[in-house]
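All remarks here apply to the structure that follows.
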Amino acid sequence: MPMQGAQRKLLGSLNSTPTATSNPGLAANHTGAPCLEVSIPDGLFLSLGLVSLVENVLVVAAIAKNRNLHSSMYXFICCLALSDLLVSGSNMLETAIILLLEAGTLATRASVVQQLHNTIDVLTCSSMLCSLCFLGAIAVDRYISIFYALRYHSIMTLPRAQRAIAAIWVASVLSSTLFITYYDHAAVLLCLVVFFLAMLVLMAVLYVHMLARACQHAQGIIRLHNRQLPAHKGFGLRGAATLTILLGIFFLCWGPFFLHLTLVVFCPQHLTCNCIFKNFKVFLTLIICNTIIDPLIYAFRSQELRRTLKEVLLCSSWPGCWAEGGGDSVWPGSCVTLRGPLPP
C-alpha cells in the first residue's frame, strides 16, 4: 500500500524522528550495538485507553449529576477528567485508524490521511496541554483553600473559575494549532518542554508549601494537647510520602515524553538518542497511565463523589433517575456551566 509511512505515524508531528524498527526487543543502531526497544502491543494500548475513557467519563458524569459537586474545585476536576478523556480518546482513535489502514479495511486518499493526521495531532496536543493546565489549576485552588481559607469563597468564585476554565481551553487549542503547524521549529518543541517544567515547578512549590503548613498545624495541635513529638514526625513522613507519590507519578508519566521532545531538538541524529526515539509509544502509554491514575488521586478520594458514582452506575440501567438524583443533568463537556454548591 502507498502512504505506509504516514499511516504508521499519524502522530508524527511530535515524533519527528526516524521510524523505529518494527521488531520488538533489541534493535541495532547504526554502529550495530544493541538498542533496547520496548514493544507495546496495540491491544494493550487500546485496553489502557478504554479503561481511561470509561473512568474519566464516570467522573464527569458524577460531577454533572450531583449539584453538591458544582463548585469551582470540582469544576477543575471535571475538566481535568474531560481533558484526560480526550487524551486517551484521541490516542485510541489514532491507533484504531492506523490498524484499519494497515489491514486495508479503511481505504482512503493520502490527502484525507493528512487531514486526519493534523486533526488528531491538534486534538491530542490541546488535550495534553489542558491536562497539564488543570493539574496546575487544582494545585492553585488547593493552595488558596489552605492559605486563604476564610477568603476562599470570595477569591475562587464560580464566575472566576469559569473564566479560568474557558481561558485554558481556548489557549490550549490555539497553542496546539500553532505547535502542530510549526512542529519542525526547535523553538516550538522547547516551548512545550519549558511549559511542562513550569507546571512541575509550580506544583512542587505549592504542594511543598502546603505540606509545611500542614506540619506546622499538626505541631500546634500536638503542643496544645501536650503530646510527644514522634507523632508529629510520623505525620510529616506520611505527608512527605504522599507528596513524593503525587509529584513522582506526574514526573514519571509525563517526563519521558518531554525528554523525547528535548532530545529531538538537541540530538536528533545521535545514536543514543535514536535508541530513545524508538520507544515513543512507551512514552504515550505512560501518559495514558497518568490519565488512569488522575481520577484515583483527585476525584475518587472524595466520599461525596464516590457516592454519586454509585448512583451513576445504577442510573445506567434506569434512565429516569437522572431527573431525580438531586442535581440538574449537565452535558459532560460543559464544565464551565457548573453552578455553585447548594447551601446546607
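Note: Cβ is positioned from N, Cα and C throughout, glycine not excepted.
Model confidence over the topological domain 'Extracellular' (1-37) stands at 47, taken as the mean pLDDT rounded to a whole number. Taken from Swiss-Prot, the feature topological domain 'Extracellular' applies to 1-37 (among others), supported by sequence analysis.
Sequence annotations record features per position, and here Swiss-Prot assigns N-linked glycosylation site to Asn29 based on sequence analysis.
Residues or ranges marked as transmembrane segment in Swiss-Prot (evidence: sequence analysis): 38-63 (among others). Taking Cβ pairs closer than 8 Å, the transmembrane segment (38-63) reaches residues 24-25, 69-70, 74-75, 77-78, 81-82, 84-85, 87-89, 91-92, 95-96, 99, 279, 281-282, 284-285, 288-289, 291-292, 294-295, 299-300, 305, 308-309, 311-313, 332-333, 335, 338 in its own chain, all 6 or more past its ends.
Helix, strand and coil counts from DSSP across the topological domain 'Cytoplasmic' (64-72) read 6 helix, 0 strand, 3 coil. The topological domain 'Cytoplasmic' annotation in Swiss-Prot covers 64-72 (among others).
The transmembrane segment feature in Swiss-Prot is assigned to 73-93 (among others); the stated evidence is sequence analysis. Long-range contacts of the transmembrane segment (73-93) within its own chain (CB-CB distance under 8 A, at least 6 residues past either end) are made by residues 11, 45-46, 48-50, 52-53, 56-57, 59-60, 63-64, 120, 123-124, 126-128, 130-131, 134-135, 137-138, 141-142, 145, 156, 158, 161-162, 165, 168-169, 284, 287-288, 290-291, 294-295, 298-299, 305, 332-333, 335-336, 338.
Feature annotation from Swiss-Prot assigns topological domain 'Extracellular' to 94-118 (among others); the stated evidence is sequence analysis.
With a threshold of 8 Å between CB atoms, the same-chain residues lying at least 6 positions outside the transmembrane segment (119-140) that come near it are 10-11, 13-14, 73, 76-77, 79-80, 82-84, 86-87, 90-91, 93-94, 97, 164-165, 168-169, 171-173, 175-177, 179-180, 195-196, 199, 202-203, 206-207, 250, 254, 287, 291, 294, 298. The feature transmembrane segment is assigned by Swiss-Prot to 119-140 (among others), with sequence analysis given as support.
Counting residues per DSSP class in helix, strand and coil order gives 20 helix, 0 strand, 3 coil for the topological domain 'Cytoplasmic' (141-163). As annotated by Swiss-Prot, topological domain 'Cytoplasmic' applies to 141-163 (among others).
Feature annotation from Swiss-Prot assigns transmembrane segment to 164-183 (among others); the stated evidence is sequence analysis.
For the topological domain 'Extracellular' (184-191), same-chain residues at least 6 beyond its ends with a Cβ under 8 Å from one of its own Cβ atoms are 16, 178, 261-262, 264-265. For 184-191 (among others), the entry in Swiss-Prot reads topological domain 'Extracellular', with the evidence type sequence analysis.
Residues annotated as transmembrane segment in Swiss-Prot: 192-211 (among others).
Among the features that Swiss-Prot reports, topological domain 'Cytoplasmic' is placed at 212-240 (among others).
What Swiss-Prot records for 241-266 (among others) is transmembrane segment, and it gives sequence analysis as the kind of evidence.
Residues annotated as topological domain 'Extracellular' in Swiss-Prot, with sequence analysis given as evidence: 267-279 (among others).
Summarising the annotation, Swiss-Prot assigns transmembrane segment to 280-300 (among others) and lists sequence analysis as the type of evidence.
Look at Swiss-Prot and you will find 301-344 (among others) tagged as topological domain 'Cytoplasmic'.
Counting every protein chain shown, the number of other Cβ atoms lying within 10 Å of the Cβ of Cys315 (S-palmitoyl cysteine) is 18.
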